[in-house]
Amino acid sequence: MTILVEHFVSDSRVDEKKVTEERDDELVLDGGFVVPKSKETDAFDAPDMNFLGHSFRDYENGESERQQGVEEFYRMQHIHQTYDFVKKMRKEYGKLNKMEMSIWECCELLNNVVDESDPDLDEPQIQHLLQTAEAIRRDYPDEDWLHLTALIHDLGKVLLLPEFGGLPQWAVVGDTFPVGCNFDSANIHHKYFKGNPDINNPKYNTKNGVYSEGCGLDNVLMSWGHDDYMYLVAKENGTTLPHAGLFIIRYHSFYPLHKAGAYTHLMNDEDRDDLKWLHVFNKYDLYSKSKVLVDVEQVKPYYISLINKYFPAKLKW
């Protein structure tokens, strides 16, 4: 089969490149990244198993050393992510005084990061960003803002690096959830919230907690991590990404909401509209993880063009 994939250099369009692939069940995208294809639609088709041979987001396979590490991660996260902790982190990192650099420079920093909370992948994070972006680019060629959102959605994981404070994994990665209200049972490894001091605080341990029904997620404090940090960086540096892009960045790890339907009582109409795009994004974020790597230099010109379109040359971090 023949697939047409467009290359971009800066903001100008150049000739399309033809990629020929003989296998009927795979698509070869720009940069050499192979993704599974639906025989019915030619679109991205989510696989049943991750590269480790387990179901995606399988948190019950306690036999493996990696799964045991993931469970210990969530034990620590659930104990320490309190309302006061989140307010402290947002105040500190909202200063954006750690570094000044471009989006692509931040992407390259992720070569030094591996997410210990992820049961599906142990590759450096820059590959996950490009795998997600390339898979979305294939199915949504006209939504360039979504391609860029995919590229940058995990950049906040630089919080793990020493120059950003070297925060522990439980304060950077993993599923996110609101603080300041009851911890819904849909949260992964919910049992460990029993060690969180907020669970005994009557101000925080009710369904609404410090919020009101329908207040909108923009008014809700989420557990601190890379999602919220990158949202603050993008917003405060004046990105022109649409609101749906910022919503995806801030809530892509909010699995209790977009997979289990928890906390919907806090949403407003704008949240419900944006959630539709998050559902689109999530399939690619989760299921595009692969041991087949993207050729970074080959796809770089296209993503540089998108960065220039939606962000300033240098950002404060």
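Even glycines carry a Cβ here, placed using N, Cα and C.
According to TrEMBL, the feature substrate binding site maps to Arg57, Asp115, Glu116, Ser117, Lys157, Gly174, Asp175, His252, Ser253.
The Fe cation binding site annotation in TrEMBL covers His128, His153, Asp154, His226, His252, Asp285. The Cβ of His226 (Fe cation binding site) lies under 8 Å from the Cβ of Asp154, Leu155, Gly156, Lys157, Val158, Leu159, Val172, Val173, Ser253, each of which sits 6+ residues away along the same chain.
Note: the CA-CA distance between His128 (Fe cation binding site) and Asp175 (substrate binding site) rounds to 16 Å. Within 10 Å of the C-beta of Asp175 (substrate binding site) we count 21 further C-beta atoms, all protein chains included. Of His153, His252, Asp285, all annotated as binding-site residues, the residue with the shortest Cα distance to Asp175 (substrate binding site) is His252. All chains included, 26 other C-beta atoms sit within 10 angstroms of the C-beta of His128 (Fe cation binding site).
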